[in-house]
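These notes concern the structure reproduced below.
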Amino acid sequence: MKILLFLCFLVSVAFAKPPTIQLKSNTKSQNGFIVGGTEAVDGDAPHQVSLQHTSHFCGGSIISERWILTAAHCIDADDLSNPGGMSVRYNTLNLKSGTLVKVKSIKVHEQYSNVTSDNDIALLETVASMNLNQTNAVAAKLPAKGNDPQDGDLFLSGWGTLHSGDTTIPTNLQKVTVPLTNRSVCAEAYTGIVNITENMFCAGKMGIGGVDSCQGDSGGGAMLNKELVGVVSFGVGCGDPKYPGVYTRVSQYLDWIELSAKSSATTLVAVNITLFLTLFIGAIW
């Protein structure tokens, strides 16, 4: 009997499913807030925006008057075919106030993988310039090339859920600080689940848990020393003591961000020149 029970135990271990990662975006009808945090006050997170259709579904960070940095997994096929169906709410701590501006174009990183979550980064261009340099509306400072967050406390903000699976909507923006986790420690924690690449870094209270970003926080910024070093990407649950949250490492994408913004400007110039020539030739004839 003991041998039979032992064999049953071995079979159960062999076929046990590893934990699955959860992308920290909500469906487009759900909302929520930071795990283990407190309400933000004016000036805490002026880079923070809410991405919305009919309601909040992801976060993002202002990086210039016309550009928002967010996570690639926040964007779906409908968004790409109809960018104008998405709005950015900024200059607010409250989801019911602030300023709404429509999205003009969306750029998802060409090598983003929804299987590995590598290159989980995207850019949104707004139809009009945002009115910045206000208490709750300031462009985030980008890090230097090669910046690799491995030590210190991340500052996170957002409207993500209190617990994994929650759908409770907060009134105000939440904030929390979370200690960074060494990449090798993080990689070991995620062994057999997902590969932690050089394009990612991790943060969480290993062995303790309780503070983290969660569903609805995806795409929001991870700040370190007042620089936008990361984008909220994925984790196993939220605030799990065994699995730190994983963030896209912004310093790996500075060239991509610059080229993407330039290509949009080049396209706009080309369109304007074509329109001018069309009108000019039409006037002559």
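Glycine residues also receive a Cβ, built from the backbone N, Cα and C atoms like all the rest.
Quantities reported herein were computed from a predicted structural model and do not represent experimental measurements.
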Disulphide pairing with C202 per Swiss-Prot - partner from C186, C238: C186
CB within-chain contacts under 8 A for C202 (disulfide bond), separation at least 6: L180, T181, R183, V185, C186, A189, I196, P244, G245, V246, Y247
Number of other Cβ atoms within 10 Å of the Cβ of C74 (disulfide bond) across all protein chains: 27
Candidate with sparsest Cβ neighbourhood (10 Å radius) among C58, C186, the listed disulfide-bonded residues: C186
